[in-house]
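Novice: The structure's right below; bear with me while I get my questions together.
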């Protein structure tokens, strides 16, 4: 029996049998024997460095040929650095990137024998690699006796390679599309998207037309006495008369104008008219085109009260401002302002209950100066004249004498050769007193003072040099 199993080929496995060891079996049996050097016991899994090959080339190196998209390999640990634990997972076309957390593999319930890590192949170079469907589950032993550093051991890991099929996603999408498709009443009729869009567009147009037609009909459906309106009559506004210009005098309508508008009916409004039709109650009525209305004896007074309000000033709205503007000189405006200010603005207290107090007239000179723009009187003169300051000022004389005495005493104590500074001091004060106290004069005075200080400093330096020598 053992001899028959020994000669049995891997390709001739019975239908239904597959090489699918569990995670615990991969570590406790296959990985343990490979690390300890028992290669003959694990010939079903080939040893290969996955970083030297691309993922789409690895399925051809599998010992067991299978139609399933899963392949197992022993992979030696390729350290990226000799003294580190980081592995080199880069290939020519891309790199393997670890994702997620390491999952523990237990033997029983508590004994941890290894970990499983997920790697995803990215085409290109980090960090701009493109994720692919090639995935590896890396199985690593965590027990101390399988560290791979003991005598007779070699560090290995088991890599389970598999590829996610894109067809699965396509089938799921097709199923979702079938669910989302709307129900059709007749399964034999096929309607394309273009036809549906055309139907929707035509329905929108019809609804729009119906809305427009309803606007035309809605105004006529409740009227029995008026003629039917058409769309052209509703839209055409050209029959409206043009608005006349308002450049004319406004006035209350005269009785003649009211009579021309009302015709013969106006005669019935007069108190002495005999065109009223009486009834048993001695009430008067007037016949108009809209029926009969009761009228009062003093209907004319009532019309006057409507056409002209008693509270309004009859002269207030007599004229309307004509179109355009006239250019008026400033002098004329000032004259108008003076005239307007002198007018008494008193109103009829009995009508409005408000009395407006008149404003006092302003002097003509001030008005003229205010109207004239850009002339001198509107400007403020900030410059002052200090011509009265001269050398006869006692304060300047005292300052001059004090400065002369101070400089003279210091020079006499140091050296008699420096007496010429007195002349310099006098020259400086002459310049200062001759300069007017203006902005430019102050600047020139500052310059002279600086020159004076520089001369004093130079004389002091010369004196010290002569004293040292």
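Positions of Cβ are set from backbone N, Cα and C atoms, glycine also.
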Novice: Looking at phosphothreonine as annotated by Swiss-Prot, pick the matching residue from 142, 202, 391.
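Specialist: The candidate carrying the phosphothreonine note in Swiss-Prot is 142.
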Novice: Give the helix, strand or coil assignment DSSP yields for residue 142 (phosphothreonine).
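Specialist: Once the DSSP labels are grouped into three classes, residue 142 (phosphothreonine) ends up as coil.
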Novice: Including all protein chains shown, what's the count of other C-beta atoms within 10 A of the C-beta of residue 142 (phosphothreonine)?
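Specialist: Step by step: centre on the Cβ of residue 142 (phosphothreonine), count other Cβ atoms within 10 Å, giving 14.
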